[in-house]
Amino acid sequence: MSASIEHLQQRIGYQFRDPSLLTLALTHPSWLQDHPEASDNNQRLEFLGDAVLQLILTEALYALYPSDREGALSKRRAALSKGNYLALLAGEIDLAPHLLLATSEEQTGGRHRAAALEDAFESLLGAIYADSGYESARDIILKLYGDLARRLSQVIPSENPKGRLQERIQPLHGNNALRYEVDHIAGEDHAREYEARVYLQDTFMGSGRGTSKKAAEEAAAQAALDSDLLPDSGN
């Protein structure tokens with residue numbers, strides 16, 4: 001096993017049973033131009049990885065935002081799985097140095113091209129799924145993403161759900177009408193999960209989960225914003 005492959009496995013926290021799957025995930029289609037003996041590239045794994053990622057993000061967001069409608073969930077999933085965001089995640093695990101590219105592709109900047117990094121990241125996820133199944137792929141994907149509510153606040157900065165909820169409520173009910181209740185529902189110190197509920201005075205407005213109290217409150221506020229219970233500030 002090459003040092004490059006071993007280094008990447010350490011970065012992602014996953015050891016392949018079949019390292020050839022990882023090599024294939026890193027094989028850009030251009031590689032075959034210089035290496036006709038190579039029989040395949042990473043496009044099939046990319047196809048698989050895209051489907052796996054969509055399912056796992058769907059499942060995680062469905063649990064994180066229990067009051068969300070389909071449209072809101074779809075918006076968040078799209079933000080976390082769009083091409084440039086996947087390229088960013090690829091950068092976080094230092095994927096670029098491990099790509100197998102043709103010389104011509106390398107010379108034109110292909111190693112750091114967002115599309116190549118996005119494709120390789122999805123291929124990597126597909127390779128993990130092919131290597132050891134859904135649970136392993138889910139564990140690695142959720143570890144690579146970390147706190148989904150925090151990720152969403154970064155990729156959609158305008159959301160700031162607690163602030164926006166306060167802005168909607170304040171003209172009608174004043175500064176202190178919203179109340180948050182947070183419970184620790186699972187996990188030890190290093191992997192806690194919290195559930196938050198937000199109330200308008202004594203009326204339940206929404207709930208959400210997160211790996212910190214703040215993230216859970218943000219998720220609950222977003223659920224309230226997406227619900228039918230929110231009063232119309234224009235009335």
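Backbone N, Cα and C define each Cβ position, glycine as well.
Just so you know, TrEMBL annotations never went through curation; they're auto-generated.
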Open item on the list: With D119, E122 listed by TrEMBL as Mg(2+)-binding, which of these, E37, E46, E195, is given for the same site?
Closed with: E46
Open item on the list: These are the recorded positions: E46, D50. Which one scores highest on other Cβ atoms within 10 Å?
Closed with: E46
Open item on the list: Taking 10 A as the limit, how many CB atoms besides its own sit near the CB of E122 (active site)?
Closed with: 27
TODO: Take the region 'Disordered' (209-235) and count its residues per DSSP category (helix H/G/I, strand E/B, coil), listing them in that order.
DONE: 14 helix, 2 strand, 11 coil
TODO: Starting from the Cβ centroid of E46, D119, E122, which together make up the recorded Mg(2+) site, report each further residue of the same chain whose Cβ lies within 8 Å of that point, ordered by sequence.
DONE: N42, Q43, L45, F47, G49, D50, E118, A120, F121, S123, G126
TODO: Take the domain 'RNase III' (5-133) and average the pLDDT across it for me.
DONE: 92
TODO: Summarise the domain 'RNase III' (5-133) by DSSP state, stating how many residues are helix, strand and coil.
DONE: 93 helix, 2 strand, 34 coil
